[in-house]
Amino acid sequence: MASERYNPREAEPKWQAAWDAAEVFRTRNEDPRPRYYVLEMFPYPSGRIHMGHVRNYTMGDVVARYKRARGFNVLHPMGWDAFGLPAENAAMQNKVHPAKWTYENIATMRAQLKSMGLSLDWAREIATCSPEYYRHQQKMFIDFFKAGLVYRRKSKVNWDPVDMTVLANEQVVDGRGWRSGALVEQRELEQWNFRITAYSEELLAALDGLDRWPDKVRLMQRNWIGKSEGARVRFEFAAPAPNGDRTLEIFTTRPDTLFGASFMAIAPDHPVARACGAADPDLAAFQEKCRQMGTSVAVLETAEKEGYDTGLRVKHPFLPGVELKVFVANFILMDYGTGAIFGCPAHDQRDLDFARKYGLSVTPVVLPPGADPAVFTVGDIAYDGEGTLYNSGFLDGLSIEAAKDAVAGRLETTEVDGAPQGTRQVNFRLRDWLISRQRYWGCPIPMVHCEACGVVPVPAAELPVKLPDDATFDRPGNPLDHHPTWKHVACPSCGRSARRETDTMDTFVDSSWYFARFTDPWNETAPTTRSAVDAWLPVDQYIGGIEHAILHLLYSRFFTRAMKATGHAGLDEPFAGLFTQGMVVHETYKGPEGWVSPAEIEITEIDGKRTARMKDGGATVEIGGIEKMSKSKKNTVDPTEIIGGWGADTARWFMLSDSPPERDVIWTEAGAEGAHRFVQRIWRMVGDALPFVSGPAPARPAEFSAAATALRKAAHKVLAAVEDDIEKLAFNRAVARIYELANTLQKAVLDARAAEGAAADAGLAAALHEAFDILVRIIAPMMPHLAEECWQVMERDGLLATSDWPVADRALIVDDTIVLPIQINGKKRAELTIGRDASEAEVTAATLAHEAVVKALDGKAPRKVIVVPQRIVNVVA
RNA sequence: GCGGACGUGGCGAAACCGGUAGACGCACGAGACUUAAAAUCUUGCGCCCACAAGGCGUGCGGGUUCGAGUCCCGCCGUCCGCACCA
């Protein structure tokens, strides 16, 4: 047995089949044990899994298997984020139907995931593109609509005139469509939106309660929601604007600086600007120029502030007789605040840049602490720090906060044009979620447009609104719109001929509730079963990439609230614990003809210098930087090849070793070899130890020998540490502790074998038996196949996958004697071995009697002796 | 520009509350086994000086403390997020 190498190609499928046959990972909702829901972000079925999936799903699987061993009823499901653009692109390029392409990819990837030995409940598998899933999404859409959480509105979108479709912002590159290369136009289209802003305040406030989320993610969401408190102020026009407006309403977070106002600025698309532009060709040209500039990031960064004087004037609310010019300016955004501002150049850098360019006055109104009001001026840098108000009439002498209050108070009680001149206002950066997509491969929006009845939801009994199978993809635009018959229906309300909505939903909708569907994916009549969804949610541990820190997680938080509002769930927050794992990165290689893959090259190392050559031809290859695995740089490693070659356990072990899980991990051949060596080493050790560890546990002696006790202590200490590490998802630390135990056990086995025939130490045999039991059980979550195989050759009962986690004996974890470092003047000079419970006086006495201390003190009395119990002694000479 | 995170051996890292810096792994060196190689085992491995003793070391400079990788202040560098949000 000991001489045979462990063969993962044989063992892994065998144990996967055994687990399957025993339905070990099937989760029953009615199981009375405490529940634990661990979920990894489900994959998009792009075709093949990549190493990032391997890392993500390994981490989740360790948690699932560990929690199962700890006695929890674990829910660990898997599914497919199966709608989306790539399927449609494949349809256009390869003449294959998106459904066929998607389901084939799913089949491939399911097999790949299964080869990893993940403890998933495949009976709950869902694909978001199946009508059995999206029918429920349509039901919820209608419920949200009825609850006022869905509405339709004209929105500005990026329109690709060649592909005849709407593009997401990230699909617009330098103002052009990423695929067609056509100049993207801003178009106004009637679009469906989710009213996520109804929850702005709540989504922000609830972040504080998500204490098992990374601070980084919470901060990103906080910034994204972007709450700012300020005031809306209405400035009266000296003469009405061309569109008839008598006042210009602005939003400001600095009402305290109102006395420093020197101009007004409005967005190019502001209604007043449009009205002015209609009568002024020069202004219209300027507005058009601003619109063109809109999208390109590079232009935005360098764009100079520019404006156009409309000729309009407004009255300053507090300074009778003072009038301010109204500019149309390129740096004012229509969709933030009111699309208009007052400019206070002294205390806002943008306003200052603008004022300098157009020769507008700059009046400081906040005096920095300690500055002389007679001398203080603003040059090229606006002052936005703390200070005291001056040059500001009734505000003089107030702090900024007090002045904000005073201004708001005054404006609330002043009337202009029949309404208060100003109101306190909380503003959010967060905008409503535009979900309309002019695509085929998405969830159809279950609405009908009727000339007589308007927008009518499809009746629940008629759901799902299914995608037509016979769509064509050979011309640009929305295949649903092109379809000859699909969109023509009778109005559900009046029965007259009407038109189906041809927009489909953003795929982020699909992934905003899949975690809830997993709790009862068999329910055919409703999206969720309340008893199941309320019992399982929130997800105890959610694991995925940082790239979803904002959108997916924010949308899911919104969706859960909307589901609560419509009776589909009973809670607000879907994910109690969140962990964001790092990427898998790899060295890059550049050959004479561009990037080459790791598989194509050979690396040799001479005197510490690594050189790479092509395997084929031997051409020199330049070793480049370590970067995220990507097809374009060809620095990918295929999980199938790794699993086929080394086995799933090697891949899993590597993914958990070395790098902390939140950080990037560098995939290296040497590291994979190292991981595989450890797999073999465990197997060899178990084989060598079989005489001591197989079969039932030997009787325990009344007293363990010193060697046996040391072994037991080592095993139990590591066990306790590994528990702690897995609970904290510190897998790399758990791995290090397991290596430590393996090193200890290896020596112990060697010693035990050498001593064979000599006086038998019954205690040592029992200790070895126990220690190997612990070793195999603690590697099981990480390397489940190897552990199962060891379990079998050790002749233990049943499947390890269904066994309990071992119990750490606390008495063995604390030592009777401890080694205390002795510092002299803060530097370590000696060590003191002393009883754990030694009093401070005893420690002091023993320290002062220590040779090194006596020598250092040279007969003098120490100035001070600091004893930190159980930790350290410091003698100050 | 604003906000955040992080800088520890040749490399990935550990050090949980301010208490032995470098656990564990990779790479590398030496040795054993072998006809040989692979595998395996033993052993060494921060730097300086080395016989020992010692000195210096956690990006740089200061500070607090009996004691600082850890706390505070100021720099430098790397990475990430947001980006004209009024």
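A Cβ is built for glycine as well, from the same backbone N, Cα and C atoms used for every other residue.
In TrEMBL, annotation is done automatically, which means it is predicted and not curated.
When TrEMBL is compared with the stretches A:43-53, A:208-218, A:604-614, A:659-669, the one noted as motif ''HIGH' region' is A:43-53. Here TrEMBL gives motif ''KMSKS' region' for one range in the set A:423-427, A:588-592, A:628-632, A:638-642: that range is A:628-632. Sequence-distant neighbours of the motif ''HIGH' region' (A:43-53) (same chain, 6+ residues past either end, Cβ-Cβ under 8 Å): 80-82, 84, 86, 102, 105-106, 108-109, 112-113, 127, 545, 583-584, 629, 636-640, 642, 655, 667. Sequence-distant contacts of the motif ''KMSKS' region' (A:628-632) (same chain, six or more residues past either end, CB-CB distance under 8 Å): 50-52, 583-586, 595, 664, 667. Reduced to three states, the DSSP call for A:K631 (ATP binding site) is coil. Model confidence over the domain 'Aminoacyl-tRNA synthetase class Ia' (A:430-587) stands at 94, taken as the mean pLDDT rounded to a whole number.
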